[in-house]
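A quick write-up on the structure given underneath.
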């Protein structure tokens, strides 16, 4: 992803204090960088490497990331459940009716799971004052222009406490991916207005960096529900209903019952998919967990299969009867396409796993990438293609000359040379659990 020279320069200046800048200042900065790396699950070095810089460059909330607890502090909450809000001004990016709807909907995200209730007022001082501004906007925390900091909010307290400010140099949208969805940004900021700090759970709404989600299907994640209910308790007005969606929990790579959806490589890294998340592992480094849509907003969640075509430098994601092609962070023009566009027969309704063979330039089923046709005699049973392997294969990829087939919670290591199973591993093998 290209980096802005203006923003990159800021970070480089931090790393290279000039003249008589003290060792103490440099040491303090290293400590802060190390804290940030630990918070985001990066390798802790105390210096800014490429991975750290990528995180620093992501669009984000302006509230500091590193917090000791899931809330701003002991007792830092509203001492009442009836709160007021006021929309002071509007962004020109959306109609006033759209902004009104979005702000109300973002507050209801929190009201739905707590006893909190929000009433809008049109004049005077509200508990939560919502405003849009640019640069220096009256609170001693100036915005930084397009991208970077999207918004910030203040913890519960009299005066400015609870207020939420949005950077009007950003392009806010109702639901489009061509900009920042105001609902997602506002719901996050209102979490701060109610007393929550940032979460280091990448699936949480309160994670500090922006990630697109469809506002029409958004469900507050479990980490956020637990955090806000620790302050205000649950919503006692809600009658338990089996039709209500369960708050999504972030999967744990070291859960012995974890069954991965798909596995692929990407420019030398190993990528493991589960639900709306993926882990990336480069060499011997520890895994990093991200939301799929934080890297590829147009990509689907809950994918069925994935593989990298190293010759084309593309990753293909398969879900149901569609395939998405990704080049770096971008969706390739013309995708998604149907599975039949790849030469697969229309009788194929679902792909459970895909494996790109780096030597033959084919993937299991077996499809010729050069000729764009299914090979004669395929599809075959798994044990015909991989002697000694049986059962349903849910994911597959090649790594350091070996083929790894994922079957439930097991990982089967298979040698393409000897055509034998060499080891059966647990599902945490690649995560160093």
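Glycine too: its Cβ is placed from the backbone N, Cα and C atoms.
Owing to the predicted nature of the structure, the values given are computational and were not obtained by experimental measurement.
For the Ca(2+) 2 site, TrEMBL lists 161, 163; matching the candidates 127, 144, 147, 169 against that entry yields 127.
Of the residues proposed, 93, 100, 237, the one TrEMBL records at the same Ca(2+) 1 site as 168, 170 is 93.
Check TrEMBL against the ranges 35-42, 43-50, 51-58, 59-66 and you find motif 'Cysteine switch' recorded for 59-66. When the Cα of residue 137 (Zn(2+) 1 binding site) is compared against those of the recorded positions 144, 188, 198, 254, the shortest separation belongs to 144.
Across the repeat 'Hemopexin' (390-433), the prediction's mean pLDDT works out to 87. Here residue 165 (Zn(2+) 1 binding site) is positioned 39 angstrom away from residue 254 (disulfide bond), judged by their C-alpha atoms.
Looking only at Cα atoms, residue 261 (Ca(2+) 4 binding site) sits nearest to 433 among the recorded positions 170, 192, 433.
Just so you know, the Cβ of residue 165 (Zn(2+) 1 binding site) picks up 24 other Cβ atoms within 10 Å once every protein chain is counted.
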